[in-house]
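What follows is one structure encoded as structure tokens, with my remarks underneath.
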Amino acid sequence: MTITPPEQQVKRVRVAFVSNPVETSFEKWSRPGHFSRLLSKGPNTTTWIWNLHADAHDFDNHTTDLEDISRKVFSAHFGQLAIIEIWLSGMFFHGARFSNYEAWLLDPIHVKPSAQIVWPIVGQEILNGDVGGNFQGIQITSGLFQLWRSCGITSEFQLYITALTGLIFSAVLFFAGWFHYHKAAPKLEWFQNVESMLNHHLSGLLGLGCLSWAGHQIHVSLPINKLLDSGVNPAELPLPHDFILDKSLISQLYPSFSKGLAPFFTFHWSEYSDFLTFRGGLNNVTGGLWLTDVAHHHLALAVLFILAGHMYKTNWKIGHDIKGLLESHTGPFTGQGHKGLYEIFTNSWHAQLSLNLAMMGSLSIIVAQHMYSMPPYPYIAIDYGTELSLFTHHYWIGGFCIVGAAAHAAIFMVRDYDPALNFNNLLDRVLLHRDAIISHLNWVCIFLGLHSFGLYIHNDTLSALGRPQDMFSDSAIQLQPVFAQWIQNTHYLAPTLTAFNLVSPTTPVWGGDVVSISGKVAMMPIKLGTADFLVHHIHAFTIHVTVLILLKGVLFSRSSRLIPDKASLGFRFPCDGPGRGGTCQVSAWDHVFLGLFWMYNSISVAIFHFSWKMQSDVWGTVLANKVSHITGGNFSQGSLTINGWLRDFLWAQSSQVIQSYGSPLSAYGLMFLGAHFVWAFTLMFLFSGRGYWQELIESIVWAHNKLKVAPNIQPRALSITQGRAVGVAHYLLGGIATTWSFFLARIISVG
């Protein structure tokens, strides 16, 4: 039996801060590079501006004091949130001032959402298309109108008030950022108190956040949406606070309100089943999730999170201790287990950030999967442009977050990892057998790449030879995704097998009937076949290669056989000095650089798959009980070959963006062209030798010297790392903007 010493049991938690630690002054604003002795001297060469941008937010470079770094990060978070509030306020203001929101509310099926009007300066007013409701503007695909309706916002005046509230909140956040750095700055112990932080974040942010949202949905959103669904004019609705203050009003819609809180305290909770439901599936009026299901979901989450926020030990003797939890995780093959991880996560914010980015990135991709299959807001399911935009948007965010996770994991390894404190724990053991991990992962990538592309090349070859009977397809040699089909069927049967309280399956994707709104498909069963089997293995390949590059960068960031002292060279370095061949582009930063390209590959294939699959097999119109899809179900045959992807998807569907000139969609045509140019321009940075450019610059400088117009600041060619950074940034920018314009011009035209 282990007896805990009494001094370990009592860990007094308090809010520890220092008053007036840093004087408020604008003086530093006028001194670029004030955080570095070298940069603050000003520029001698053009490299100065690059180093300024690279290091301005790298607080580790400014100071080694973890407390000061923590305060800077904490303060910067308030500034970031304030900027987000201003941005959101702008969204609401556009909805109030420049939109057809009220017209859309009256007829969300035929009126398209618009919250942007282009001013006529040199003829750009052509972009203002007729979106219905006697309004001309740019069609938006953000999903904000559908979100606002589900919140219960029924007038543009309410949007003005919300926009103003956002601005006031942003001012409060700016003040908080200044206050907690200059007036009352927390001590390091406050940042490192994980139990208290977990309790407050779980109970406060998530628990009370969900509870307040559930309250809003029950008291405001539900009655307003029920009346809107039944055809009541938004202008004739009672105001939101009327439903809150006048119980008789809401009781007419949901009779259990007349019983008050008695059923709650007597545990007769089923009495509330008129507004807290467990129906599953989609509302057949709006095509969105049942709002009563959504309110129930948030209430359940609130209970879970509020309970979760009471689990961790602070000033009382009960509860979990994170350090204890981690260190008790040992097994027969894991050595010291998680010993040392607590110290890592409380002393390295890069390690903490890495973990959070990996989880948030994965969550964003999960959100993308749910946004189309379980559309959360009314009428969003029949707004195909918005559905496609939200899927793509959440995929990109997920991809960038996951690459960021690898980047900060590598920075942690280089800057914060101490081998002496991590002897024979899980992290040490992973590092010790990194060669086995990477070589196995490499083999998996080769296997997946050869076989997945091999299947396509087989099909391309036999298609060219005119032998369709020998191709892999649903009508010849079938490769059915049997496991995926089994999962679909299991979910479809859930109400009769596992979830007896559920009225219907969670989404029509699993099987069942088509859900259509005014003759337009909202969602329907998605059949999977050989074509999906093939492209899913391309997904597996691209994702595994991305992981291979990123994980290799992390595991070899401190040392490798080639450069045993890599840790001393830092997170990013071009080469290990002159005269050492083969040591260029092996830094952890270079792995992030390469990982970004493969992340781009992974996401492009996934969003292309989604776009084509939905147009082919889901989206369309219902006439005489028959579904007519946008591309007539051509995915199952067209996507079996690489040639088919090029011909039937990229080429066939780019006609709208290429022919958009002279129409309200012409901006997408120009963006498509411009983004291709930006993308192509990056190849000059990515395939280029620095020496060539430096020589060219020297000769241009020589000419300037001859004419006595030489600059004081010497021009320098970009370093290898700078060139790669500029290259990858614009490669991704060009690629994303090309895809964006291609998708939107297409789906707005045909959707």
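Residue 1 is the first one shown; counting continues down the chain.
Using N, Cα and C of the backbone, Cβ positions are placed for all residues, glycine too.
Residues annotated as [4Fe-4S] cluster binding site in Swiss-Prot: CYS575, CYS584. Swiss-Prot lists HIS676 with the feature chlorophyll a' binding site, giving sequence analysis as the kind of evidence. Taken from Swiss-Prot, the feature chlorophyll a binding site applies to MET684, TYR692, supported by sequence analysis. Look at Swiss-Prot and you will find TRP693 tagged as phylloquinone binding site. Taken from Swiss-Prot, the feature transmembrane segment covers 73-96, 159-182, 198-222, 294-312, 349-372, 388-414, 436-458, 533-551, 591-612, 665-687, 725-745.
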Cα-Cα, whole number of Å: TRP693 (phylloquinone binding site) versus MET684 (chlorophyll a binding site)?
11
Looking at the transmembrane segment (294-312) and the transmembrane segment (349-372), are there 3+ C-beta pairs under 8 A, with each pair at least 6 apart in sequence?
no
If contact means at least 3 Cβ pairs within less than 8 Å, sequence distance 6 or more, would you call the transmembrane segment (533-551) and the transmembrane segment (388-414) in contact?
yes
Report the nearest neighbour of CYS575 ([4Fe-4S] cluster binding site) in space among the binding-site residues HIS676, MET684, TYR692, comparing Cα positions.
TYR692
Considering only the recorded stretches 198-222, 388-414, 591-612, state which has the highest number of Cβ pairs under 8 Å to the transmembrane segment (349-372).
388-414
Those binding-site residues listed as TYR692, TRP693, and which of them has the most Cβ atoms within 10 Å of its own Cβ:
TRP693
Pick from CYS575, CYS584: which of these binding-site residues has the biggest number of other Cβ atoms within 10 Å of its Cβ?
CYS575
Where else in the chain does the transmembrane segment (73-96) make close Cβ contacts, counting only residues six or more beyond its ends and a cut-off under 8 Å?
57, 59, 115-116, 142, 144-145, 148, 156-157, 159-160, 162-167, 169-171, 173-174, 176-178, 180-181, 186, 191, 349
Give me the Cα-Cα distance between HIS676 (chlorophyll a' binding site) and TYR692 (chlorophyll a binding site), rounded to a whole Å.
25
Rounded to a whole angstrom, what is the C-alpha distance between CYS584 ([4Fe-4S] cluster binding site) and TYR692 (chlorophyll a binding site)?
17
Contact set, same chain, for the transmembrane segment (388-414): CB under 8 Å, 6 or more residues outside the stretch:
141-143, 344, 348, 350-351, 353-355, 357-358, 360-365, 367-368, 371-372, 546, 550-551, 553-554, 557-558, 566-567, 570-571, 588-589, 591-592, 595-596, 599-600, 602-603, 606-607, 610-611, 614, 736, 739-740, 743-744, 747
Sequence gap of 6 or more, C-beta under 8 Å: which same-chain residues meet both conditions with respect to MET684 (chlorophyll a binding site)?
none
Reduced to three states, what secondary structure does DSSP give the residue listed as 'phylloquinone binding site'?
helix
